[in-house]
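Novice: Annotated transmembrane segment per TrEMBL: 157-176, 196-219, 231-248, 286-309, 321-339, 401-418, 430-452, 917-936, 956-979, 991-1008, 1046-1069, 1107-1125 (among others), in sequence order. Marked as UDP-alpha-D-glucose binding site by TrEMBL: LYS492, GLU493, ASP522. Per TrEMBL, the feature active site maps to ASP522, ASP845. Feature annotation from TrEMBL assigns Mn(2+) binding site to LYS679, ASP703.
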Amino acid sequence: MGLDGLKGPSYVGSGCFFRRRALFGDPSTPVAPEIPELSPEHVVNKPIKSQETLSLAHHVASCNYENETKWGSKTAFRYGSLVEDFYTSYRLHCEGWKSLFCNPERAAFLGNVPITLFDGVNQCKRWCIGLFGVAFSKYNPLTFGSQYMGLLMSLGYSQYAFCSFWCIPVTFYSFLPQLTLLNQVSIFPKISEPWFFLHVFLFLGSYGQDFLDIILVGGTVRRWWNAQRMWMIRGLTCNLFASIEYLLKSLGISTYDFCLTSKVVDDEESKRYGQGIFEFGVPSPLFVPLTVAAITNLFSFLSGLTGFFSGNNMEGLGLQMILTGFIVLNYLPVYGAIALRNDAGKMPTQIIIISTFVSVALYYASSLCLWSRRLRGGSTATDSPPLHTSEPLRRTAFNRLFAAVYFSAILALLYRHVRNLFLISTTSLLSFSITLSLFISDLILAFMWASLQALRMSPIRRKEFRQDLKQIIKDEDFVGLDVFICTADPYKEPPMNVVNTALSLMAYDYPTDKISIYVSDDGGSDLTLFAFMEAAEFARHWLPFCREHNVMERSPQVYFESNYHSSSPHFEKIKIMYEDMKMKVEHAMDKGKIIDEYISDEQRRQVFNKWIKGFTRMNHPTVIQIENEQIILDNPRLIMNYEQVILDKKHDKDNSGRLMPNLIYVSREKNKTSPHHFKAGALNVLLRVSAVMTNAPIILTQDCDMYSNDPQTLVRILCYLSDPAIKSNLAFIQFPQRFHGLNKHDIYACEYKHHFQVNPMGFDGLKGPSYIGSGCFFHRRALFGGPSTPVPPEIPELSPDHVVSKPIQSQEILSLAHHVAGCNYENQTNWGSKSGFRYGSLVEDYNTSYRLHCEGWKSLFCNPKRAAFLGDVPITLFDVLSQNKRWCIGLFEVAFSKYNPLIFGSQYMGVLMSLAYSHYAFWPIWCIPVIFYSFLPQLALLNQFSIFPKLSEPWFFLYVFLFLGAYGQDFVEFFLAGGTVRRWWNCQRMWMIRGLSCYLFGSVEYLLKSVGISTHGFSLTSKALDDEHSKRYGRGIFEFRVPSPLFVPLTMAAIINLFSFLLGLTAFMRGNNMEGLGLQMILIGFIVLNCLPVYGAIALRNDAGKIPSQITIISTFVSVAFYYASSLCF
């Protein structure tokens, strides 16, 4: 058909109707035959049995008649090639003739085919030799043909004339990647490299187009598979041997005669052919390269598979494994003929023996070549042992291939929507509106899926070798560390939790003179300060106890609640001290003030006397106390800046005589007329205060409830910080947030396994993970401009290179610390824009890391088996959703700023990294598809209106594949990261719940804020525990309780889905035809299953955690209104 669109098809030897005139010269210059009786215009006027006619017929049929004539050169069928059909039509087309292709539905002619492989490839070999005869003659299609037929037609003929050349790439790709794989040598791009996609596209593109060509002309998948398999087989047999034979013939060595294809049918061969069994049988050299390739590919594939399951790094060999596996799949009939069959059509024994010998010889020859190359290359070992490694995840190759398939399915779905919207003229307004809604939803789902793929393209896992660190760096050379702990409200973030976090960090297995702990109290609470004063005294005993008993749980509360402690006198003594401290702090919390009996000396009394009337979290004077010395700085303004040096490592020692880490309390100045920028502002104050006092090159930012769970964490990060190859542009090392106290099945999905554990590995394969607010070790230098473009601070004492030479208790240091912590200090500076933690979003962590990556910094993700940090989680649904709503607003603030990740980010980070950040920046838009799919199919079902394909239509399978593919891959990632089935189920349920609550309300609040209507403030997530809440949470019961508008859309969706499901089930039980509503029923049933806790909280529970009655009433009323409104539309 393709040739027919040019000058017409070639002659294929049979079923061809010629014009006699065409065989006698070109259309405008006929070639006259020797005698007029042979002319195409000659009219036969005598009977064919007449003597004259018979005599002339005998004469023109004689063997010498053509001597000295134009027969076979300029007239009739042309000589010079075994493929006279191809050659004749080619010459006719060159002369200016055209042809036509006729392919009626009912075949015009039917013939026989060879039923043995030998006959099939032997016939093909003869064709190949004949085609080479044309290709390398003076009538070469590329040179001669292009002059007379044009470029396209000459290329069409060249495709066949040079078809034997297929043997070259087929042979190379059948042996070279396999032999190198056996020797663990990579010859293709790594799976993590962009060039990998080029190879995948070229393969899928050519095979996909070939597949479509066959399917569209009535072929089947199996017939296409066999066609491409035979292309491989021909490349190693007839194409190869024909090329060799033609070359020998060209050198004057004749090796072949015309071999006629057998049409005789043998009963046994026919039976095997009918069963689809390959017929080898003949011990022909044609089968040797094929068998050698089959053996080599099989052992190569098994070798690669063994390496993969042994945990070897196979990323560089991934493409070779895929190619080898594909060839092995194609050669299954060959393996069966070699080892599994006993009939006469199996592979002859001598062929197997010869092929095995040649395969072994090839392997040893390749091993010698590669071994000699390695010897010439020399060793690459270094004197120092590696401190860390990284390796790609094994599922990377699958992720990429699946992404290509899934993307095709998405395109098909979007095409269906576009066709329904614009190409079907009978679409009603209702159908158009529904289709448009689904199209928008699916477009958003497609974008979110596509952005997530950036994190699945090259995920890596890192490992450190702490045991080798001492060989490279000595203890005295360990870097200094400043730890930032932020708290804001003693009633939502109990001081004892903050104290346990600080104590666990002070107790690191690390030189104590290298550690400084800075506690930011944005609430300015005397209760928090009192707790830390008590903690400082307890720390003098706790730190030596941890060292002496090699305690792993360095948080006192966790240690005393665990089962690993002893009943020794030391333990009992330290526990009593802890309980006494805890009792004092909690008693002060209950009273709301510090009672006199807890104030041990006059100096402390003077400190707490500052909390007088008018002293609030937004209004308090500056007071600094340094152990036994008190300095009060009066300020003509109303000072709202408060710093307390509780422990000074230069003077304070524990009860074993070792120096204590610095412990410094900071409550920055606040003024209602000055923006404080929430947590980012508090961190920047700590950044400046710490620069003045200690200026350690490494900073750890920590949430107040995230205690240290591994005392070796600092040694672990030194494995990265000591590597000069990555140190120069390394901004931070992020540990995952992991949690203790989760109930068995994590009903609120607070583990955020994808966000904190799975996706960061994907980020790590690009430029590194994003900052997630806690458990992050920063290079101080990274917060002052890009790697090559530093931003100098306003005063030299804030520079990351500044060396602090004065004691932190000195008047000069304390005065400067007060100055840089002032609420107006940042005016007209780069703080929050080009230096420090960045402002402009409630999610300062995400925003800061995004901007650092744009500046050229990189980061690392460290996820050891033992969690480095463990924290608390919200235990009520309202707290979970409120926290998520705050994140959503903050993410939108980045997404719709001038630093939009898709536009700004792609210019500085590349497409994949910008897509990865965009996945989070546009997180709240999940609410759009979730809302549409939670209400639209349900309301349509209530009105018996179908919006999805019928179960019998092919489009049904597309929807099923898209659903199962997305959920299946999500489940696999979750499970491989250590999750369970129940936790995954709760995770996907919470995604739905968030889509109907915090994502929706976060989007609405951001929209209102954008138009000047401020509706939100910074809402702190409560870490305080209520006994009843804890009890229900431990039993896996959802806690609603609060009559919040957040629960209204969720409750509505639960009600509407339940009633639409019951209506559909009733119609089905009555025998109504539900085929058109089948997909809606499946979707609704799935949502109902997810909403079971909501139904329980509406109707089956009487505890305080049930859904409040007013929420149920409002939701029911709005649901009924929705139904009646939809009835009017449908």
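A Cβ is built for glycine as well, from the same backbone N, Cα and C atoms used for every other residue.
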Novice: Going by DSSP, is ASP703 (Mn(2+) binding site) sitting in a helix, a strand, or coil?
Specialist: strand
Novice: Give me the count of other Cβ atoms within 10 A of the Cβ belonging to GLU493 (UDP-alpha-D-glucose binding site).
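Specialist: GLU493 (UDP-alpha-D-glucose binding site): 26 neighbouring Cβ atoms within 10 Å.
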Novice: Short question: which residues 6 or more past the ends of the transmembrane segment (1046-1069) have a Cβ under 8 Å from it?
Specialist: 877-878, 881-882, 885, 931, 934-935, 938-939, 941-942, 944, 993, 996-998, 1000-1001, 1040, 1077, 1080-1081, 1084-1085, 1087-1088, 1091, 1094-1095, 1098, 1107-1108, 1111-1112, 1114-1116, 1118-1119, 1122-1123
Novice: Check each residue in the chain of LYS679 (Mn(2+) binding site) that is at least six apart in sequence and keep those whose C-beta is under 8 Å from its C-beta; list them in sequence order.
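Specialist: CYS486, ASP522, GLY773, GLU844 - these are the non-local Cβ neighbours of LYS679 (Mn(2+) binding site), listed in sequence order.
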Novice: Determine which recorded stretch among 157-176, 321-339, 430-452, 991-1008, 1107-1125 has the most C-beta pairs below 8 angstroms with the transmembrane segment (286-309).
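Specialist: Going through each listed stretch, the top one turns out to be 321-339.
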Novice: How big is the gap, in Å, between the Cα of ASP703 (Mn(2+) binding site) and that of GLU493 (UDP-alpha-D-glucose binding site), rounded to a whole number?
Specialist: 10
Novice: What stretch, picked from 157-176, 401-418, 917-936, 991-1008, 1107-1125, has the most CB pairs under 8 A with the transmembrane segment (956-979)?
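Specialist: It is 401-418, which has the most Cβ pairs under 8 Å.
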Novice: Which sequence-distant residues neighbour the transmembrane segment (430-452)? Criterion: at least 6 residues beyond either end, Cβ under 8 Å.
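Specialist: Same-chain residues near the transmembrane segment (430-452) but 6 or more away: 406-407, 410, 413-414, 417-418, 420-421, 759, 915-916, 918-919, 922, 925-926, 928-929, 932-933, 936, 940, 947, 966, 1129-1130.
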Novice: For the C-alpha pair, I'd like the distance in angstrom between GLU493 (UDP-alpha-D-glucose binding site) and ASP845 (active site), rounded off.
Specialist: 20
Novice: Whole-number Å distance between the CA of LYS492 (UDP-alpha-D-glucose binding site) and the CA of ASP845 (active site)?
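Specialist: Per the Cα atoms, LYS492 (UDP-alpha-D-glucose binding site) and ASP845 (active site) stand 21 Å apart.
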Novice: Same chain only, sequence gap of 6 or more: which residues have a CB within under 8 Å of the CB of ASP845 (active site)?
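Specialist: Those within reach of ASP845 (active site), by Cβ under 8 Å and sequence separation of 6 or more, are SER770, TYR771, ILE772, GLY773, CYS776.
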Novice: For GLU493 (UDP-alpha-D-glucose binding site), which DSSP three-state class applies?
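Specialist: Assignment for GLU493 (UDP-alpha-D-glucose binding site) reads coil.
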Novice: For the UDP-alpha-D-glucose site as recorded (LYS492, GLU493, ASP522), determine the largest distance between any two Cα atoms, in Å, rounded to the nearest integer.
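Specialist: Result: 13 Å between the two most distant Cα atoms.
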